[in-house]
């Protein structure tokens with residue numbers, strides 16, 4: 001396993017975490033100032049994994065972000081024998097290293113889309129990058145969806161013109177609730193097992209995906225920050241959040257990987273909404 005690659009990827013995810021938290025706190029502050037409220041701040045808690053490594057959870061519950069979590073983790077060790085065949089390159093000895101960042105934002109306003117983003121670097125006897133970002137609006141708007149996709153298409157095209165159509169398709173297929181026969185949201189990009197034989201290029205792409213999210217999502221949030229909403233719209237948001245819960249518990253690879261590698265359960269389930277209704 002390449003020690004330098006581990007260090008620079010882990011360092012980047014920590015840096016991106018700091019940038020995201022700072023930007024989201026800034027949005028909370030902008031809103032709080034106009035409403036005479038005390039702005040919310042992220043609360044951090046660290047955890048250690050028994051088999052090796054650990055992570056830091058950053059959680060904020062505010063007036064804009066009902067619940068937003070930004071987690072970073074770097075874990076290593078051996079995967080249990082019963083799960084080794086599910087992780088490429090871990091079949092023989094089970095050794096693995098994984099570092100990454102994950103973000104899930106659930107907004108108080110039903111007019112502002114929920115956001116999911118993660119990027120990661122994993123080593124077994126093989127190595128690869130994965131990640132992506134997807135938007136889940138409760139009241140979709142075409143212009144907003146187009147803008148979101150255009151931002152990720154631009155970063156994809158910078159590296160390979162085949163990336164965006166491929167990663168968009170993978171996102172559409174991945175974030176699909178088979179039992180309901182419906183998509184979770186309006187998509188985005190999703191990639192996994194990315195290894196083109198050029199670590200620097202794959203890493204640069206993964207960094208740019210993070211920078212794109214840092215730019216496009218706060219802009220979407222700010223555009224609807226002060227729009228009024230109704231009790232009926234809030235009720236609909238709570239019901240639709242149930243789809244988020246269903247996907248994360250039934251299909252999400254990150255949830256499964258975290259549980260298979262004895263990760264922190266609270267951090268793994270951070271993606272679940274703070275309030276939800278099932279009718």
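Note that Cβ sites are derived from N, Cα and C of the backbone, with glycine treated the same way.
Since we're looking at a predicted model, the values are computed, not measured.
Residues annotated as active site, proton donor in Swiss-Prot: 116. Per Swiss-Prot, substrate binding site is recorded for 102, 118, 119, 120. Summarising the annotation, Swiss-Prot assigns divalent metal cation binding site to 106, 116, 149, 179 and lists sequence analysis as the type of evidence. Under the heading region 'Important for dimerization', Swiss-Prot lists 244-279. According to Swiss-Prot, the feature site 'Important for dimerization' maps to 179, an assignment based on sequence analysis.
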Key: Other CB atoms, at most 10 A from the CB of the residue listed as 'active site, proton donor'   = 27
Task = Please work out the helix, strand and coil residue numbers for the region 'Important for dimerization' (244-279) from the DSSP assignment.
result = 22 helix, 0 strand, 14 coil
Note = The correct three-state DSSP answer for residue 118 (substrate binding site) is strand
Message = Please give me the CB contact count at 10 A for residue 102 (substrate binding site), counting all chains in the structure.
response = 25
Ask   = In the same chain, outside 102, 118, 119, 120, whose C-beta lies within 8 angstroms of the Cβ mean position for the substrate site?
value = 13, 100, 101, 103, 117, 130, 131, 254
Query = Who are the long-range neighbours of the region 'Important for dimerization' (244-279) in its own chain, taking Cβ under 8 Å and residues 6 or more past its ends?
reply = 47, 49-51, 54-55, 57, 59, 61, 66-67, 69, 71, 73, 75, 77, 79-80, 83, 86-87, 96, 98, 102, 104, 106, 114, 116, 118, 136, 174-175, 177-180, 184, 192, 235, 238
Key: Secondary structure at residue 106 (divalent metal cation binding site), reduced by DSSP to three states   = strand
